[in-house]
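Engineer: Please find one structure pasted underneath; my questions will follow.
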Amino acid sequence: MQAGKPVLYSYFRSSCSWRVRIALALKGIDYEIVPINLIKDGGQQFSEEFQTLNPMKQVPALKIDGITIGQSLAILEYLEETRPIPRLLPQDPQKRAIVRMISDLIASGIQPLQNLSVLKQVGQENQMPWAQKAITSGFNALEKILQSTAGKYCVGDEVSMADVCLAPQVANAERFKVDLSPYPTISHINKALLALEAFQVSHPCRQPDTPAELRT
């Protein structure tokens, strides 16, 4: 690997990994990917080698500037502080708080309830309804918030950290067959985001570890 080049430990379908891939693309940061398959061999995140990088045994993890950072929002905050152009957090403190609120609603209030480790615990037959309930509950709140904050994107007309979190979560909703018709604001924003190059190149269907049958 090229010395000094950031290295992202990622799984193609991980929405948390996708958040980081979007941010890296938006900020024009060249990086390398090390795929961590969360299914194969019982989950490569449980290997001793990976646990030395991230004791939480989760992706993403980003090696950058001589440190390794786990947790996607911590990574996004670090990238924003060290490479602030283009901005993902507005300068206005109130708008910045709203962006962080939406990001945290998704990253803490929705995604963890339907991630792989939780779904394994609820049993195969309960996974779909469990995930649907978790996402629907969160989207009910998110839709109401976005109705008052959105412009073209989640908070006004500039892409922010909230958008970086939104698109991957909508992809999860689609994968779990959530009816998105009650969420026109979410759907409208997501459509606009997926038209952007940074969201396309970082998409799960275009990653080095994407299975051939899922590539587009």
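From the backbone N, Cα and C atoms, a Cβ is placed for every residue, glycine too.
Pulled these features from Swiss-Prot for this protein:
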MOD_RES   MET1  N-acetylmethionine
DOMAIN    4-87  domain 'GST N-terminal'
BINDING   SER14, SER15, CYS16, SER17, TRP18, ARG19, GLN45, VAL59, GLN71, SER72, GLN111, ASN115, LEU116, SER117  glutathione binding site
MOD_RES   LYS57  N6-succinyllysine
DOMAIN    92-212  domain 'GST C-terminal'
MOD_RES   THR136  phosphothreonine
MOD_RES   SER137  phosphoserine
MOD_RES   LYS177  N6-succinyllysine
MOD_RES   SER181  phosphoserine
Engineer: What are the DSSP helix/strand/coil residue counts across the domain 'GST C-terminal' (92-212)?
Structural biologist: 89 helix, 2 strand, 30 coil
Engineer: Per DSSP, TRP18 (glutathione binding site) is which: helix, strand or coil?
Structural biologist: helix
Engineer: Give the mean pLDDT for the domain 'GST C-terminal' (92-212) on the 0 to 100 scale.
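Structural biologist: Here the predicted model's pLDDT, averaged over the domain 'GST C-terminal' (92-212), is 96.
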Engineer: What's the number of neighbouring CB atoms sitting within 10 A of the CB on THR136 (phosphothreonine)?
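Structural biologist: Excluding its own Cβ, THR136 (phosphothreonine) sees 17 Cβ atoms within 10 Å.
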Engineer: Quick one, of the binding-site residues CYS16, LEU116, which Cβ has the fewest other Cβ within 10 Å?
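Structural biologist: With the binding-site residues CYS16, LEU116, fewest surrounding Cβ atoms within 10 Å: LEU116.
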Engineer: Over all pairs within SER14, SER15, CYS16, SER17, TRP18, ARG19, GLN45, VAL59, GLN71, SER72, GLN111, ASN115, LEU116, SER117, the annotated glutathione binders, what is the largest Cα to Cα distance, rounded to whole Å?
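Structural biologist: So the binding residues stretch over 19 Å, Cα to Cα.
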Engineer: Round to a whole number and give the Cα-to-Cα distance in Å for the pair GLN111 (glutathione binding site) and SER137 (phosphoserine).
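Structural biologist: Roughly 11 Å, rounded to the nearest whole number.
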Engineer: So if I measure Cβ to Cβ from SER137 (phosphoserine) and keep only same-chain residues at least 6 apart in sequence, which ones fall under 8 Å?
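Structural biologist: Sequence-distant Cβ neighbours: ILE110.
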Engineer: If you count Cβ atoms within 10 Å of each one, which of the binding-site residues GLN45, GLN71 comes out on top?
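Structural biologist: Ranked by Cβ atoms within 10 Å, first place goes to GLN45.
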Engineer: Using only C-alpha positions, which one of LYS57, THR136, LYS177, SER181 is spatially nearest GLN45 (glutathione binding site)? These are the modified residues in the record.
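Structural biologist: The answer is LYS57.
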